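Participant: Have a look at the structure that comes next, please.
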Amino acid sequence: MSVSLVVIRLELAEHSPVPAGFGFSAAAGEMSDEEIKKTTLASAVACLEGKSPGEKVAIIHQHLGRREMTDVIIETMKSNPDELKTTVEERKSSEASPTAQRSKDHSKECINAAPDSPSKQLPDQISFFSGNPSVEIVHGIMHLYKTNKMTSLKEDVRRSAMLCILTVPAAMTSHDLMKFVAPFNEVIEQMKIIRDSTPNQYMVLIKFRAQADADSFYMTCNGRQFNSIEDDVCQLVYVERAEVLKSEDGASLPVMDLTELPKCTVCLERMDESVNGILTTLCNHSFHSQCLQRWDDTTCPVCRYCQTPEPVEENKCFECGVQENLWICLICGHIGCGRYVSRHAYKHFEETQHTYAMQLTNHRVWDYAGDNYVHRLVASKTDGKIVQYECEGDTCQEEKIDALQLEYSYLLTSQLESQRIYWENKIVRIEKDTAEEINNMKTKFKETIEKCDNLEHKLNDLLKEKQSVERKCTQLNTKVAKLTNELKEEQEMNKCLRANQVLLQNKLKEEERVLKETCDQKDLQITEIQEQLRDVMFYLETQQKINHLPAETRQEIQEGQINIAMASASSPASSGGSGKLPSRKGRSKRGK
């Protein structure tokens, strides 16, 4: 269960005294008084900041509205008499300090001066205090706010050690109130009885020594009757903060996260939905539900706004639905609109020959045959003309009565006959239309049954086809899954083969390069070997030739010398012949 904590703000006039010990805050241990006041007046300071004095006064007056400051009586009752005595002395000293100081100074002057006479020894001014010392009277307005955030009633949640009894009947005296709270006298720290301009009731603030004591009092006394005779009950709320502010500080301006509780116009009590049910009317005025139940009128108690809508005519034309200028047939009860709207009443006369129709607004009867009003006209017995009939009581003649009865009988007979013919024809038409409609419905019913049968056959075929398609789809899904796995395997294998192919290509290129280098080396070696072989063959051939020469020639070759000229290239013919043999000789010589 959750409740809303309340904030009590006492807005004082400019020259009103400040009540002693009125301030209270449940969060006093968490925040200092300056921080609490700064937080409270934050929105008011923001609203009044940068405004001229005239604009500030206008804003304050606008929020104050028609509320007037009145005398607020605060009576304090403490459990300890010594504390009450100390408070009274503080009040006496604060209120009478200027007078007491002046009387003290004057008495000193009188003592220091020479006493000429006994009367000069007495002081001119003597300070005194009149009235009940525990009662304070201030001038202002009492504001009651509730927090927009709900607070739980669990034991581990911080609420407040101060409770407020919103409405105490004026017939209940202070002695009766003390009897009501007698079981909790030991845990009550102080009580403040607040009386403002609200008649026949007052408010009580009760401060306990601890929150647990306040919770116990709340659970015990909330919703409990003050006595067994009266119906008034104790309405308790937790007080989060009680503060005193001056009007020029913006005390009447709205407070952030708080909603001011209005007064019920009927009972003049504060309206709190957590305590009593609140009913808001169509004109946006709120009252206690019980108070509005006692209000016998259907209008709003404040503005006299009618809460229930006016009754609307339910009659309307049977053909077009118009609700104006309606006529009802006196024979069959058909309602139709007049000739100045859509003429449905006259069309009904043309169809049924029902002569008489009555206007619903003024109950005047119209005769369509005679084309005039007949609500006070009868036919004369002598000439049959229509004359106005006025009943004169006992002076009415029997002949006129007989004529009227006879004419009424004729009229009733003719109308009943025409009505019988009309309704018989209508019944025949209705039967004919009903028979045709029944035949049409039977035909449609047969067609619908055939369509349903065809649809059932189609549905069965489609279900079978669906089953076969589902089987095929299942098989295809299996194949697709298998092919997907094979595809993944082939892709992995292809990936591996590509990697191996790249490695083999690199190896092949390396082998080709090595082979090419080897071939080049072999070719070079072969070329060198061929040259060596050619030299060897040339040497052997030369040696053989030299061996076949005579000894003298061999001797000459051995002793011979080979001279290579510088210009051997320019004369190849001369050097070729002479150089060949020496070369051979040299070789043969080297061989030997």
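Cβ atoms here come from the backbone N, Cα and C positions, even for glycine.
Not measured: the values here are computed from a predicted model.
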Participant: Where does Swiss-Prot put phosphoserine, among Ser16, Ser97?
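Facilitator: That would be Ser97, per the phosphoserine annotation in Swiss-Prot.
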Participant: Which one of Ser93, Ser107, Ser119, Ser583 gets the tag phosphoserine in Swiss-Prot?
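Facilitator: So the answer, going by Swiss-Prot, is Ser119.
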Participant: Among 18-58, 223-263, 264-304, find the range that Swiss-Prot records as zinc finger.
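Facilitator: Going through 18-58, 223-263, 264-304 one by one, Swiss-Prot flags 264-304 as zinc finger.
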Participant: Based on the annotations in Swiss-Prot, which residue of Ser117, Ser571 is described as phosphoserine?
Facilitator: Ser117
Participant: For Cys337 (Zn(2+) 1 binding site), what is the secondary structure state per DSSP, taken as helix, strand or coil?
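Facilitator: Its secondary structure by DSSP: strand.
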Participant: Name the residues of the same chain, 6+ apart in sequence, whose Cβ is under 8 Å from the Cβ of Cys329 (Zn(2+) 2 binding site)?
Facilitator: Ile335, Gly336, Ala345, His348, Phe349, Thr352, His354, Tyr356, Ala357
Participant: Taking the Cβ of Cys332 (Zn(2+) 2 binding site) as the centre, how many other Cβ atoms fall within a 10 Å radius?
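Facilitator: The answer is 13.
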Participant: According to DSSP, which of helix, strand or coil covers His354 (Zn(2+) 2 binding site)?
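Facilitator: It is coil.
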Participant: Excluding near sequence neighbours, so keeping only residues 6 or more apart in the same chain, what lies with its CB under 8 A of Cys337 (Zn(2+) 1 binding site)?
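Facilitator: Sequence-distant Cβ neighbours: Cys317, Glu319, Cys320, Val322, Glu324, Asn325, Leu326, Trp327, Arg343, His344, Ala345.
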Participant: Using DSSP and three states only, what is His348 (Zn(2+) 2 binding site)?
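Facilitator: Going by the DSSP assignment, His348 (Zn(2+) 2 binding site) falls within a helical segment, counted as helix.
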Participant: Taking the binding-site residues one at a time (Cys317, Cys320), which has its Cβ surrounded by the most other Cβ atoms within 10 Å?
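Facilitator: Highest number of other Cβ atoms within 10 Å: Cys317.
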